[in-house]
């Protein structure tokens, strides 16, 4: 009697896809969420940001199993062909975006290639080739031969201006910068200077990123839209900050200093949730003052309606200088340290030590903590690894693992101690609670 062979990896992964997909479908139906669809009116988020944890986990599990199965059955021989298709899809999207093709297509209908080419002022034959390449990734659709319509993916660029800005920034800055990484390493191997980066190579200049960005109103707008899109996503949502730390236990009228807090979106969100707390947002004078700042403050207030009780104030401060506010309960650095190489990061942290000592305060850092390779689903890990490479390409900075964080604290001041590390469910970042221990 022959032995019964165990299921193959192909079958294991296929079963995992089936099981996870059934679970996801159950979650969507039980919550009354619309089913995902390739049609133009399909939901932008398959699982809404505020959905239960189980729904998010089901989506990730489905995507992870499906991706693994795709990679397995593709095999090594298809690696480069698949990558070739990927970059041609990227540049097909760039072409469609540049010539504003999406805006000429009705959201609830279709039109011929001939009419679309005329409206976009592009050659019809080339339009067909580019659009049909994009369609292989469900960007646009051809419901009947010769007729072009929106898909859920392409409709997103019509419905959401921030997504258009993100696409513009990706094509204008992100892709050229990533492409220059080899040249930057050859020219400045091991450099940690913010003026010796792939971004400097890509744009042929010798300024730090934000200084160069400020010289271009167009790129500044694109970058702002890109950041709004990123922060609007589930992984960067401010709810993770609001719910991820025990703010409610802080004494009445405690002061929270939001260092590098820009327009104060994080502080306004916290102020709306915790009316017993006060907030001081610190950033450069050009950020907290002026017409642009006033507009952003107004937008932040309207988004997090908290009344006019003045619990959020602003102070001009450069975090490379000593911390001027010495009576806070919590000093907060959200998405700050990852922009800086170790030397500058230690300066930023070191400037807080006297204030932490004086007020016996807590330092709260919300930033990326790199996972161990393979310890989380690859559909999530690759997002984090992308940010790590971006930090290196643009700033000569990096995302850090737990050991890196502990080392940088220790090298700043041996008394700085990581007391707690927590990653809220669905968050791309972790909350690091740090205190200054007695000698």
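Yeah, the Cβs are placed from backbone N, Cα and C, and that goes for glycine too.
According to Swiss-Prot, the S-adenosyl-L-methionine binding site annotation covers 283. Residues annotated as active site, proton acceptor in Swiss-Prot, with sequence analysis given as evidence: 338.
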Problem set entry | Cβ neighbours of residue 283 (S-adenosyl-L-methionine binding site) where a neighbour is any other Cβ within 10 Å | 22
Problem set entry | Between the residue listed as 'active site, proton acceptor' and the residue listed as 'S-adenosyl-L-methionine binding site', the C-alpha gap once rounded to whole angstrom | 17
Problem set entry | Cβ neighbours of residue 338 (active site, proton acceptor) where a neighbour is any other Cβ within 10 Å | 21
